[in-house]
Amino acid sequence: DDTNAPLCLCDEPGILGRKEFVSDATKTIIEKAVEEVAKEGGVSGRGFSLFSHHPVFRECGKYECRTVRPEHSRCYNFPPFIHFKSECPVSTRDCEPVFGYTAAGEFRVIVQAPRAGFRQCVWQHKCRYGSNNCGFNGRCTQQRSVVRLVTFNLEKNGFLCETFRTCCGCPCRSF
């Protein structure tokens, strides 16, 4: 396994390449802020998010772990893919990013507040290289897609809805 491959989001460096970590103090601040949002919302009906009254969470809360599915973060529909001859094998797993770089390249703390009941999951689609599905002259390439995640701005002590890139699918390209 490539330890420097993204753990969740396309532009997130792997363990060896990480320069930023989210401290416990920051996690506590976020938990408290999310708990406040949950309190404002009161009791939630079945199937409704505790957070849907908050504009940022309403716009951006689609990746809540309890409701997200792998197909939500695929770049395209399931096989057969019309625009690619074939697809390399893909391993999917859900992943909870705690930080990332936005589509504009800015470092952000992504909201994960398990105690308050709000966790965000994206599905990571990793190509299994070394497959012969691409024939002898092709190679697996990764598509990119965007997801909108709830982030926390420590300076302003507020939530934002921001765009991140995820990798998904592994089409074959002949080069």
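Backbone N, Cα and C atoms are what each Cβ position is placed from, and that goes for glycine too.
Note that the coordinates shown come from a computational prediction; the quantities given were computed from them, not determined experimentally.
For reference, Swiss-Prot has these:
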- C60-C161: disulfide bond (DISULFID)
- C65-C121: disulfide bond (DISULFID)
- C75-C168: disulfide bond (DISULFID)
- C88-C140: disulfide bond (DISULFID)
- C127-C170: disulfide bond (DISULFID)
- C134-C172: disulfide bond (DISULFID)
Taking 10 A as the limit, how many CB atoms besides its own sit near the CB of C161 (disulfide bond)?
15
Is any of the disulfide-bonded residues C60, C65, C121, C140, C161 within 10 Å of C172 (disulfide bond) (Cα-Cα), and if so, which, in sequence order?
C140
Between C-alpha atoms, which of these disulfide-bonded residues comes nearest to C121 (disulfide bond): C60, C88, C140, C161?
C60
Name the residues of the same chain, 6+ apart in sequence, whose Cβ is under 8 Å from the Cβ of C134 (disulfide bond)?
S86, C88, C140, C172, R173, S174
May I ask which of the disulfide-bonded residues C60, C65, C161, C168 is closest to C127 (disulfide bond) if we compare their C-alpha atoms?
C168
When neighbour density is defined as the number of other C-beta atoms within 10 angstroms of a residue's C-beta, which of the disulfide-bonded residues C65, C121, C127 has the lowest density?
C65
